[in-house]
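Asker: Quick one: the structure is below, and I'll ask about it shortly.
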C-alpha cells in the first residue's frame with residue numbers, strides 16, 4: 001500500500017511537469033544599441049530569467065555575461081531589456097529559466113544569430129483581461145496594465161496630464177478655516193523626479209488686506 005501511494009504521487013508530479021513547456025524566445029536588437037528578449041505569458045508563470053553570452057558559448061547553470069529576470073508580465077509578455085549593443089553577425093548563446101505552477105523549468109536555447117537590426121521595438125499586443133477602471137471618458141483598461149504614469153522628469157508640471165487648480169474662496173468669519181489654492185511656483189515644484197506640494201502660512205492681515 002505504501003509503494004502504491006508513492007507511485008501515485010510521482011506519477012502526478014510527472015504529469016503536472018509534462019503539461020508545461022517553456023515558450024519560444026524572441027530577440028529584437030536595435031540599430032542604436034540595446035536589445036530585448038521576451039516570451040508570451042502563460043497562466044501560472046511567476047518568473048522569467050534569461051542568461052546569455054555574446055559570441056561565446058555558455059555553460060549549463062552559468063549566469064552568463066548578460067542576464068536578468070522578470071517577475072511581472074507586461075501586456076501578455078515576459079520582457080527583459082538590455083543596454084548591450086549587438087551587430088549583424090553576432091551570435092547570442094543562452095539558456096532560460098521559468099517558474100511556472102510553483103515548479104522550475106530550465107531550457108537551453110538554440111543560438112540566435114543577429115541578421116537584422118530594428119529602428120524600434122515591435123509593438124506587442126497581448127491578451128487583455130478587461131479591468132473595472134475606465135479612462136478618458138469611457139476607454140477600457142486591462143488588468144495589470146499601467147493606467148496612469150508621470151515620471152516628473154521635466155522642470156514644470158505637465159498640464160496635459162494634470163489640472164492645476166487655482167481657487168481663492170471667500171473669507172468670511174475670523175474663526176473659519178481659510179485655504180487659498182494658488183497656482184504658484186513656491187507651493188508646487190519638481191525636484192529629483194518627485195512632485196513637491198508645499199503649503200505656506202500667511203498672516204491674517206495679508207488675507208484681510210489690512
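Heads up, the Cβ atoms here are built off N, Cα and C, so glycines get one too.
Feature annotation from TrEMBL assigns signal peptide to 1-18. TrEMBL lists 20-119 with the feature domain 'CBM39'.
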Asker: Grab the pLDDT values for the domain 'CBM39' (20-119) and give me their mean, rounded.
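Answerer: Mean per-residue confidence for the domain 'CBM39' (20-119): 94 out of 100.
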Asker: With DSSP as the reference, give the number of residues of the domain 'CBM39' (20-119) in helix, strand and coil.
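Answerer: So the domain 'CBM39' (20-119) is made up of 0 helix, 52 strand, 48 coil.
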